[in-house]
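**Q** First, the structure itself, so that you have it in front of you.
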Amino acid sequence: MGAVDIAVPQAPLLSRTPMVALLGNPNCGKTALFNRLTGARQKVANYAGVTIERKEGSFSSPAGHGFRVLDLPGAYSLSAHTPDEAITRDVVAGLRAGEQSPDVVVCVVNATNLRLNLRLVLEIKRLGLPMILALNMVDVAKKRGIEIDADRLAQELGMPVVETVAVQAGGEKSLLRALDAMWPLHESAPQPLAAIDAVGVEETQREVRRILALVSSDARDTGNLTEKIDNVVLHPVLGPVILAVLMFLVFQAVFSWANVPMDMIKAGVDGVGTMVKGAMADGLLRSLLVEGILGGAGSVLVFLPQILILFFFILILEDCGYLPRAAFLLDRLMGGVGLSGRAFIPLLSSFACAIPGVMAARTIQNPRDRLVTIMIAPLMTCSARLPVYALIIAAFIPEREVYGFMSLQGLVLFVLYFAGIASAMAVAYVMKRTMGANSKQPLMLELPAYHWPHMQNLALGLWERCKIFLSRVGTIILTLMVLLWFLSSFPGAPEGATHPPIYYSLAGILGRGLEYVFAPIGFNWQICIALVPGLAAREVAVGALGTVYALSQSGEELAQSLTPIIAGSWTLPTALSLLAWYVFAPQCMSTLSVVRRETNSIRYPLMMAGYMFALAYTASFLTYRISLFLIGG
Ligand SMILES: Nc1nc2c(ncn2[C@@H]2O[C@H](COP(=O)(O)OP(=O)(O)OP(=O)(O)O)[C@@H](O)[C@H]2O)c(=O)[nH]1
Ligand SMILES: [Mg+2]
């Protein structure tokens, strides 16, 4: 650690728990450090703009002092250009209403890229808050032969400098010691932010060069491997081909790897169902357990392996550093519809769920670009659609190979994802046109060095996904299933009924009413029932179909899994029409409410719901009618 004498200010001692803010350029390891300090599990990935909100945690130092700590979005400078950078600026400069400015700023820098990172350090230093510089990623720097004289750097900057490795156990120790060395802390307030003019920038730049010349040796090897990989991956012809092949392989894997674990879960759920049926007398409670809970929530649970496989690939791509490259490759394509390559990462996040996608649009500088990106994010195929797609595909698309190596089911899934992307691009094009054209801005994105995915990140990421999925199944899906079971079971069938009791139930009446609206696109009343709870969350539709069909089965038939039932009772045009519906329909309340929050207006979520319903109905109508015409009912 580089020690320096810091003049102790004559301010009163701090009486509250001190707040430490982690600040630095994007992708320098702030969140990794935050997680290491606090034991939290915030998302860490190898591209700029992962963190988009302030996150708070706490820890105590070896000397027993308690600290609060803030993880902030990365920023290149304090003159914010994007909404996420603005959060960072406002927090450190004490501009947020009702929030104290931090008592200590830990400026995290990427030791392999001091030239870029030091600018921000100098800028923050002008705020005059107590500061520590954390030279992070020294492990990578050492491997590359970059040597930094930490003592000298501390002298030049007038602040303690510590070396950290945020991804290694114990890699935060030196920072903790430095914090203890600062104890006791005093009250401090930041200097007002001064607007920096061109002269200021020039001066800062000169200062950076001067310091660099004093403290760092030239690197022997500056990420040679990264360059070599990029020559292939960013190649104008090879690049896009590699991207397409990668995407394609992912969807193939989702189907071909998932079979065995899915069968196991299915067998487990069926086994429990048979057991309950055997152990209990026929009655309401048994029906609730078997048809409501196992038939409903159980049929969603089966899709866990597919979701995990999809995320396995997404997490690897995120962590190794490939994502910003893909953004570059697609920049031209996206430019064609008036979007910038910046929109790529928010849109890609939407494959997990539109909500983080909509929020990640904060990293987009141009307000119109940001709005268009938000509006099309829900057209990206979120993971909640996967169970719906997978169910219908498994029921209607035969499990065979095309050209000897592609699974037909995987291919159909790929087409569905592609349909989402293509329509998003078309919508973006139209919106850009109607909002008035504006000039396209060049894409400026930092390309991080590649590294192997950290197994721990990967495992944690998958575990988080697993938890999210299971808790959805256990909470919202389960609740809706019980509600739906209730609505589908009462009032019972009248005297001399010719249909199963559900036909006469409240849900049945609702479904039959909706059928008037949806019959033109091929939906029967059972599907119509499932669409309603499916509005809350898409996967619920699968569970709802599970419950509805379980209740539609007569007598003592053994609980059959959903796939063969729908294969037997729907026509292919109906199945295709439902797939088309799910590509477009805005079946997710939470997304709409996040859009409302992010755009600060009710207008945009309404517009979104409107255009998506219109698209969904039209697409399903065309799909249904055309396939009826071509293949018959
Ligand atoms: N080898 C090595 N990798 C690191 C270290 N610290 C972080 N990383 C990796 O660097 C990448 C970025 O880490 P994050 O913690 O997400 O960076 P961040 O500063 O929070 O990024 P933003 O939220 O985008 O501003 C991840 O892939 C981490 O695994 C380190 O000390 N050594
Ligand atoms: Mg972060």
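Placed from the backbone N, Cα and C atoms, the Cβ positions cover glycine too.
So TrEMBL lists these for the protein:
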DOMAIN    17-185  domain 'FeoB-type G'
TRANSMEM  237-258  transmembrane segment
TRANSMEM  293-317  transmembrane segment
TRANSMEM  337-359  transmembrane segment
TRANSMEM  371-397  transmembrane segment
TRANSMEM  409-431  transmembrane segment
TRANSMEM  469-490  transmembrane segment
TRANSMEM  502-523  transmembrane segment
TRANSMEM  535-552  transmembrane segment
TRANSMEM  564-585  transmembrane segment
TRANSMEM  606-631  transmembrane segment
**Q** Can you find at least 3 Cβ pairs under 8 Å between the transmembrane segment (606-631) and the transmembrane segment (293-317), where each pair is 6 or more residues apart in sequence?
**A** no
**Q** Which range out of 337-359, 371-397, 469-490, 564-585 gives the transmembrane segment (237-258) the most CB pairs under 8 Å?
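**A** By Cβ pairs under 8 Å, 371-397 leads among 337-359, 371-397, 469-490, 564-585.
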**Q** Pairs of Cβ atoms less than 8 Å apart decide it: which stretch in 293-317, 337-359, 469-490, 535-552, 564-585 has the most with the transmembrane segment (409-431)?
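**A** Selected stretch: 337-359, with the most Cβ pairs under 8 Å.
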**Q** Among 337-359, 371-397, 469-490, 564-585, which stretch has the highest count of C-beta pairs below 8 Å with the transmembrane segment (293-317)?
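**A** Top-ranked stretch among 337-359, 371-397, 469-490, 564-585: 469-490.
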**Q** Relative to the transmembrane segment (535-552), which of 337-359, 469-490, 564-585 accounts for the most Cβ pairs at distances under 8 Å?
**A** 469-490
**Q** What mean pLDDT score does the domain 'FeoB-type G' (17-185) have in the model?
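**A** Reported value for the domain 'FeoB-type G' (17-185) is a mean pLDDT of 91.
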**Q** Quick one: do the transmembrane segment (564-585) and the transmembrane segment (371-397) have at least 3 Cβ pairs under 8 Å, skipping pairs fewer than 6 apart in sequence?
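**A** As far as Cβ distances go (cut-off 8 Å, pairs 6 or more apart), the transmembrane segment (564-585) and the transmembrane segment (371-397) touch.
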**Q** Please report, as numbers and ranges, the same-chain residues at least 6 past the borders of the transmembrane segment (371-397) whose CB is under 8 Å from any CB of it.
**A** 254-255, 299-300, 302-303, 306-307, 310-311, 338-339, 343, 346-348, 350-354, 357-358, 361, 364, 408-409, 412-413, 416-417, 420-421, 423-425, 427-428, 431-432, 435, 537-539, 541-542, 545, 562-564, 566-567, 570, 572, 575-576, 578-579, 582-584, 586, 588, 591, 595, 598-599, 604, 607-608, 612
